[in-house]
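The structure under discussion appears below in the form of structure tokens.
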Amino acid sequence: MSYSNLKLFSLSSNHELAQKVAKEIGIELGKVSVGAHSDGETVVHIDESVRGDHVFILQSTSDPVNDNLMELLIMMDALRRASAASINIVLPYYGYARQDRKARAREPITSKLVANMLQIAGADRLITFDLHAPQIQGFFNIPVDHLMGSPLIAEYFRRQLVSAGDDIVVVSPDHGGVGRARKLANFLKAPLSIIDKRRPRANVAEIMNIIGDVQGKKCILIDDMIDTAGTITLAANALKELGATEVYASCTHAVLSGPAIERINNSAITKLVVLDTIEMPEERQSEKIVQLSIAHLLADAIIRIHERRPLSPLFELHLPSEQI
């Protein structure tokens, strides 16, 4: 099918994913030049006409967060001034999503500020994945398509563990992730356990109690993101000590900063299954990490939006067999 007035552009943060999405759709990536002045100012130039086109920009606001965010805002401004018919932001990873409320006095709500900036710059629609705080959708006055990674993760584990007859249990690493873990458990028709943790300070977690039976079972931990990997590795080690035969971990966003890789490699985790919402450079790779691609899902979402068809079937998506 021809998509002559549909264009997909990629900036600096996730070019490999954008190429996969373009291939799935059957189009070429749009031509854009991204550079910087000698003083560090970001410069963006669109190298082809976009007049009257429905444009999708794929850019995760991952590390370096501020540079990638500015690239995106500047690109949007250029598209708006170049008379694009619509500007659709594909933001696989929404940076600043953890700053979604005032936890203490005199703190900002930066995720709301980012939402304001995206809308002022000209966004007509946002497509994103597994927001750290789902209520961020309410910060926008434009359509937000909030896609889930759990169907992809569930299909992987269904083929790897469930089909082999393994006795599994899905585990939430904290109370806040129970809803996410319950969805995965429902997909896999597996029981659910919960880890009660107390966090004495930022990026430090202490395991207090495990609710549910994990002895003699293969456990699957799921979280929206893994940053320094303190929470997930402590959880895995605790599950192993309580008699789990194997511990698998999974997340949508593999931030993997600081000591994350070392902690994962030295932990009880057998495999960590992640999605490619964030590019994974060589120094963040490990034999324990399995990366699944969201390209097929994103391509389907873009086509459905362009053709004005519902996105609800995507929440039942099955993983393409070549990724298994």
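Glycine too: its Cβ is placed from the backbone N, Cα and C atoms.
Positions annotated as ATP binding site by Swiss-Prot, on the basis of sequence analysis: Asp39, Gly40, Glu41, Arg98, Gln99. For Asp39 (ATP binding site), applying a Cβ distance below 8 Å and a minimum sequence separation of six or more within one chain yields no residues.
Look at Swiss-Prot and you will find His132 tagged as Mg(2+) 1 binding site. DSSP classifies His132 (Mg(2+) 1 binding site) as coil under the three-state reduction. Take the CB of His132 (Mg(2+) 1 binding site) and look out to 10 A: across all protein chains shown you find 19 other CB atoms.
Around Asp174 (Mg(2+) 2 binding site), a 10 Å sphere centred on its CB holds 17 further CB atoms from the protein chains shown. Annotation source Swiss-Prot lists Mg(2+) 2 binding site at Asp174, citing sequence analysis.
According to DSSP, Lys197 (active site) is assigned to a strand segment. The active site annotation in Swiss-Prot covers Lys197, and the record cites sequence analysis as its basis.
Neighbour count (other Cβ atoms within 10 Å of the Cβ, all protein chains): 18 for Gly230 (D-ribose 5-phosphate binding site). Swiss-Prot lists Arg199, Asp223, Asp227, Thr228, Ala229, Gly230, Thr231 with the feature D-ribose 5-phosphate binding site.
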Note to self: Within 10 Å of His132 (Mg(2+) 1 binding site) (Cα to Cα), which of the binding-site residues Gly40, Glu41, Arg98, Asp227, Ala229, Gly230 do you find?
What the structure shows: Arg98
Next item on the list: Spatially speaking, which of the binding-site residues Asp174, Asp223, Thr228, Gly230 is closest to Glu41 (ATP binding site)? Use C-alpha to C-alpha, please.
Entry: Thr228
Check: Going by DSSP, is Asp174 (Mg(2+) 2 binding site) part of a helix, a strand, or coil?
Finding: coil
Notebook entry, point to check: Which of the binding-site residues Gln99, Asp227, Gly230 has its Cα nearest to the Cα of Lys197 (active site)?
Noted result: Gly230
Note to self: Let's check the environment of Asp223 (D-ribose 5-phosphate binding site): how many other CB atoms sit within 10 Å of its CB?
What the structure shows: 23
Check: For Thr228 (D-ribose 5-phosphate binding site), what is the secondary structure state per DSSP, taken as helix, strand or coil?
Finding: coil
